[in-house]
Structures are given as C-alpha cells and as structure tokens.
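The structure appears right after this line, and notes come after that.
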Amino acid sequence: MSVVETIALAATIVTVISFISGLSICLNIYRKGSTLDFSAIPFIAGVLCCTLWLRYGYMLSDETMIFVNTIGLSLQVLYLIWFYAFTGKRGPLNRQIGYLLVILASVSIVVESRSDPTYLAGLLACMASLLCCSAPLVGVGEVLRTKSSEKLPFVLIASSFVVSLMWLLYGLVINDQFVSVTNGIAVLISTVQLSLFVIYPTKAKTQ
C-alpha cells in the first residue's frame, strides 16, 4: 500500500467515525421526544459541506473524496430527516432547509456557468468548510470570561483535530491546495481550542 493509499484509508476511517457520532444526537432527541434542546444547524451545515466536497471530488475523479462525502451526505440527510420528524414547530426549520436548497441550487448554477468550474467548486467547498469549522471559536470568548473550559466539547474538538489532520496530510500528498489549506486552518482552530483545556481548568473558579 502506497503512502497516498495509507493516508486516504486513515482519513476515510476517522471521517466516517466522526460522521457516525451524529447518531448520539439522534438518540438523545428520541429519548427526549423533542428537538427543543437541539439545533439542526450542524446537520444542515453537514449537508452543505458534504454536497460541495462531493461535487469537487467528482470533478477531480477523486475516489476518496467521493466515497467519504457520499457516506457523509447520506448520513447528514438521514439525521436531518430524523430531526424534522421530532420537530414540533417546523416553520423555522423549513426556512433553514429552504435557504440550504437555494444555496445549493445557486452554487450549482454558478459553478456550471464558469469556464473553470473545478476551481470555483473547490473554492466554494473550502469557504463553506472554513465557515463551519470557525463557528466553535464563538465559545472561546466564554472560556476566557469564565476561566473555564467546562462547556467546550472535548471529544468533538479532539475528533475534529484528528480528522482535519488526516485530510491535511491527504491534501499535501495529492498536492491539492483547497484540501490542504482548509484542513490546515481547521487543525489550527482545533489546536487553539484544545490548548484552552490546558490553560484553563474544566471547572469555573469559585469566588
């Protein structure tokens, strides 16, 4: 097995495992019988990112990207359907799904109308992933304020670090700047978050 194949396999395994973690959210929704304490945004963002990377993967004929994002997109759609089924007031969720469909349709039209569709497809996938992976940085302010990393999801952040690291390596070995830059920044963001667990205790200091 070559270096590229080894890294591709490792990236595939860790990414699929991270996708499966969404099952825990669905299980919690089932136990509560409601989505009141949950947000559909992670699933909607997952559908967006997987769709864009799947399109890019097809343009490159990259089997690893195609396989991983096909699984990812399938799971994210199933998670979103599950979320929808347990949602009482569906108005806001319908609007979010509507926005998602409009974005995907607009991207498809714009990409196909360009003379360099592969470059634009990669750029848009990169931008979408960066927006999604930078979202957790919102919680950094709360950590700095409370001097506690208690509310940060360590397992999720650690998983994101491992997944991003493997795709960074994959992007480097296949010489793809969109994959390497996107995941390089994601690794940096995850590293910043993980460092907070070292700098601050997991319990807020009592006065």
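From the backbone N, Cα and C atoms, a Cβ is placed for every residue, glycine too.
The transmembrane segment feature in TrEMBL is assigned to 6-29, 36-54, 66-85, 119-140, 152-172, 178-200.
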*Taking contact to mean three or more C-beta pairs under 8 angstroms, with sequence separation of 6 or more, is the transmembrane segment (178-200) in contact with the transmembrane segment (36-54)?*
no
*For the transmembrane segment (119-140), sequence-distant contacts whose Cβ falls under 8 Å of one of its Cβ atoms, 6 or more beyond its ends*: 45, 48-49, 52-53, 55-56, 59, 107, 110-111, 151-152, 157, 160, 164, 176, 178, 181-182, 185-186, 189-190, 192-193, 196
*Considering the transmembrane segment (152-172), which listed stretch of 6-29, 36-54, 66-85 counts the most C-beta pairs under 8 Å*: 6-29
*Long-range Cβ neighbours of the transmembrane segment (36-54) (under 8 Å; 6 or more residues past either end)*: 19, 22, 25, 28-29, 65-66, 69-70, 72-73, 75-77, 79-80, 83-84, 87-88, 93, 96-97, 100, 103-104, 107, 121, 124-125, 128-129, 132, 135
